[in-house]
Amino acid sequence: MLQQNNEQLLNLLPDKMMEKTFNPTDIEQSLYTSWEEQGYFSPTGEGDSYSIAIPPPNVTGSLHMGHAFQQTIMDTLIRYQRMQGKNTLWQTGCDHAGIATQMVVERKIAAEEDKTRHDYGREGFIDKIWEWKEESGGTIGKQMRRLGNSIDWSRERFTMDDGMSEAVQEVFVRLFEDDLIYRGKRLVNWDPKFHTAISDLEVENKDKKGHMWHLRYPLANGAKTAEGLDYLVVATTRPETMLGDTGVAVNPEDPRYKDLIGKQVLLPLVNRLIPIVGDDHADMEKGTGCVKITPGHDFNDNEVGKRHALPQINILDKDAAILATAEVYDTKGEVCNAYDTGLPSEFAGMDRFVARKAIVAKFDELGLLVEVKDHDLVAPYGDRSGVIIEPLLTDQWYVRVEKLAGPAVDAVKDGQIEFVPKQYENMYFSWMNNIQDWCISRQLWWGHRIPAWYDENEKVYVGRTEEEVRANNDIAADMKLRQDDDVLDTWFSSALWTFSTLGWPKDTEDLKTFHPTDVLVTGFDIIFFWVARMIMMTMHFNKDENGKAQIPFKKIYMTGLIRDENGDKMSKSKGNVVDPLDMIDGISLEDLLQKRTGNMMQPKLAKKIEKLTRKEYPEGIEAHGTDALRFTLTSVATTGRDISWDMKRLEGYRNFTNKLWNASRYVMMNTEEFDCGQSSPEGKAGDMELSLADRWIIGQFEQTVKTVHEAFDTYRFDLASQALYEFTWNQFCDWYLELTKPVLFKENEAQQRGTRHTLVNVLEALLRLMHPIMPFITETIWQRVQPLSDFSKNGDSIMVQAFPQFDESKCDQQAIDDLEWVKQFIIAIRNIRGEMDISPSKELPVLLKNVNDNDQRRLDENEQFLSSLAKLESITVLADDEQGPASASAVVGDLSVLIPMAGLIDKEAELARLDKAIEKLEKEAGRVRGKLGNENFVSKAPAAVIEKEQAKLADAESTLAKILEQKIQIAAL
């Protein structure tokens with residue numbers, strides 16, 4: 001009898017085992033709700049701990065294929081370890097996503113209320129964001145449930161919740177007290193639209209058609225080049241920044257200019273004397289060999305400036321317009337008087353690109369414009385604002401990371417933290433060994449406000465609260481303090497993710513139990529922005545009972561990117577984004593077109609995307625269910641490589657779920673109302689007799705268990721999926737189920753009982769083996785199969801059962817060898833049928849030659865299997881000297897299998913049919929050869945198209961060779 005709690009799950013699964021196809025929409029959402037309500041996702045408190053912290057998705061986001069891919073891997077690991085008896089925690093939560101969230105809400109109030117954030121003021125606008133989060137911020141959580149993620153939702157965190165805010169403040173204050181945080185003026189990526197510094201990850205570099213301007217800079221004090229010229233020609237793609245030049249670099253080995261090093265040029269328009277410096281940054285082979293150096297508006301120039309102590313001049317305001325008066329700083333960002341701050345008044349207030357035209361025109365007017373060349377360049381754009389980013393000198397807060405980087409490098413070097421695959425360690429070391437101080441301030445309203453206050457003299461005080469600042473510094477209540485307006489970089493709070501979500505800075509039981517986490521599953525693109533910073537922050541703030549720095553995770557599993565079928569990156573602007581929920585539930589063509597083009601402002605692009613979508617999905621997208629999607633994702637999870645999404649693969653794995661479903665229907669129909677051996681628990685001798693096929697499938701299953709364990713333990717989810725597919729489809733369904741039919745239709749109760757017992761027990765264990773990847777279908781079938789099996793359950797859901805363990809004693813090598821021989825014998829007969837176009841249902845006489853003792857034993861023991869599955873009329877063993885009639889033949893080991901052809905085929909008709917097939921294939925092969933021999937086609941066609949044509953030719957030639965061989969055989973009859 002099923003237990004009462006188990007009935008709750010069964011009630012969700014209407015008795016549909018006899019339906020021909022599995023319909024995932026019938027059960028997925030209700031089954032997930034039941035799992036969640038019954039608390040199966042929560043830690044049990046028993047066993048060794050195993051934990052994963054999810055990379056927190058943006059609160060503004062919705063599920064994309066990258067999320068689906070990584071989360072399927074994480075859930076597979078969590079379910080696997082839970083079934084291994086571990087005390088599992090999958091910690092989830094969302095990131096407040098500073099700039100992205102602020103932008104979403106700004107757009108919302110502009111569209112709905114015709115207001116800006118300034119109309120609300122800072123506090124009012126932040127209230128609007130919290131309102132928006134309550135209404136819309138949970139979308140991604142609902143979508144994650146659809147993936148089957150076994151997350152303990154009661155522990156969900158948000159990077160702006162009270163506990164996280166406390167942790168962020170604590171970290172900032174302690175770092176400041178340790179002299180690891182400072183405020184300084186340095187060059188940052190400045191977004192002139194959003195008026196904030198942004199990280200490198202938020203900069204999108206795009207190819208762009210531009211120009212290279214060659215400008216003449218007069219040499220000062222009568223200096224001349226080796227060629228006798230009294231000027232240098234500099235080449236630049238950004239002539240507007242020349243107003244901020246503080247040097248000209250030449251290569252110290254360049255014979256044209258090396259004697260000028262230490263001399264000066266008179267900078268046109270501003271009449272500023274600036275030095276000529278020797279630096280390898282100047283390439284003798286590139287441009288004119290002379291490079292203008294603008295430390296205040298170019299990152300490379302800034303490094304050159306530091307090497308040669310060149311002042312930094314800022315010529316732009318926060319809107320990237322020309323200032324009336326320049327700002328001059330030394331290399332440390334301190335104000336200095338190295339140069340006059342005057343700028344030409346005619347350019348003041350001009351946008352940088354308007355100023356570019358005006359400055360070029362002025363150079364032309366003065367006879368200082370040498371030439372303008374077309375030039376392909378890469379320009380940095382804000383990924384959200386869409387405007388060109390400006391390197392700008394601004395006051396920002398920074399973390400001194402050099403001291404933090406050392407232990408973080410050592411943790412990977414000494415094996416405390418392991419990258420999977422290992423090759424990513426080199427990328428990590430490369431970045432860590434050249435690490436720059438981290439700019440952590442952002443000029444936004446939404447985020448963790450920097451816990452720093454200023455008095456009327458701009459002296460800065462850092463503390464957890466204003467009250468603490470006043471108390472620690474004896475500041476009177478009537479003395480006004482102003483809190484810093486900036487907020488912290490989103491990556492600052494997410495760098496604390498693994499330990500802050502477990503209650504730090506308090507010393508909680510969760511922190512002791514689940515930290516460090518076991519594995520981080522993430523993409524290589526954020527090794528620097530998140531992974532490295534998590535390691536640095538965690539090791540600085542967390543120590544074990546012996547005072548040793550604690551790591552955030554033991555392993556880092558790096559995934560590749562999911563790309564479209566052509567290998568291109570998925571993006572809304574390309575219209576090639578695949579929504580995982582559309583793969584699960586299906587979507588009509590009309591709805592898909594609306595989703596991809598509905599909000600597009602560019603009609604031409606929308607038209608192009610519509611055409612592409614109609615071609616790719618003429619009927620829309622069919623529903624495939626969550627299990628098929630998850631199995632597809634694990635099957636392509638080769639370590640670290642990018643993946644081209646393939647709808648055909650997804651369709652293939654939907655067919656796989658149907659195959660499993662139908663196999664289970666067969667098992668249930670042949671066992672549910674019958675004695676499967678479980679009625680004799682004392683196991684009396686003679687109760688059950690296992691056939692060769694039973695012993696073979698049990699051994700094959702054990703080998704599959706071993707392979708899946710090894711694959712999961714080494715993060716080779718692709719190999720685990722491959723092993724499960726191979727066993728389920730090819731061995732269990734295609735062979736074993738067919739081999740059970742002769743036994744089940746015989747009148748031998750012991751053999752029938754043995755086969756039924758094997759059917760239910762192998763299927764039950766197979767469902768547990770597959771469950772981490774395919775949770776829904778396995779739970780559904782397991783609820784019905786388990787009561788028929790020997791397996792003693794622990795709890796009511798498959799997810800809390802024991803994962804199968806490899807048992808070598810169940811691997812009967814002789815049974816495996818014998819059954820493989822039986823399979824090869826049957827395949828040989830089937831191949832002859834196929835080659836000779838003989839009906840599969842026609843019973844055939846078979847003659848055998850070269851039969852050894854082992855072959856004879858196998859024939860005697862398995863005649864029932866051979867006759868049934870190969871559809872044989874008779875099996876005759878020929879004497880050694882006996883010649884058989886004209887026959888089609890095949891070889892199984894040393895054994896020759898002959899099928900006499902007399903009376904089986906119409907020789908002339910078959911030869912005529914083969915001649916037609918040969919003619920057709922020769923034409924096709926000739927056509928493709930001609931195409932591939934066409935130089936014009938080969939030079940212009942994409943590599944994928946050429947590969948497709950080459951595959952066509954190989955297929956045609958292979959088939960042609962087989963048919964020609966077949967023709968020779970038939971002609972000889």
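Every residue gets a Cβ built from N, Cα and C, even glycine.
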From the ranges 284-288, 569-573, 654-658, 749-753, grab the one Swiss-Prot calls motif ''KMSKS' region'. 569-573
Matching 57-67, 618-628, 783-793, 805-815 to Swiss-Prot annotations, motif ''HIGH' region' lands on 57-67
Residues of the same chain, at least six outside the motif ''KMSKS' region' (569-573), with any C-beta under 8 angstroms of its C-beta? 64-65, 561-563, 596, 605, 645
Six or more residues out from either end of the motif ''HIGH' region' (57-67), which same-chain residues have a Cβ under 8 Å from its Cβ atoms? 94-97, 100-101, 104, 133, 137, 139-140, 143-144, 146-147, 158, 523, 559, 561-562, 570, 577-581, 645
Residue distribution over DSSP helix, strand and coil in the motif ''KMSKS' region' (569-573): 0 helix, 1 strand, 4 coil
Specify the count of other C-beta atoms within 10 Å of the C-beta of LYS572 (ATP binding site). 13
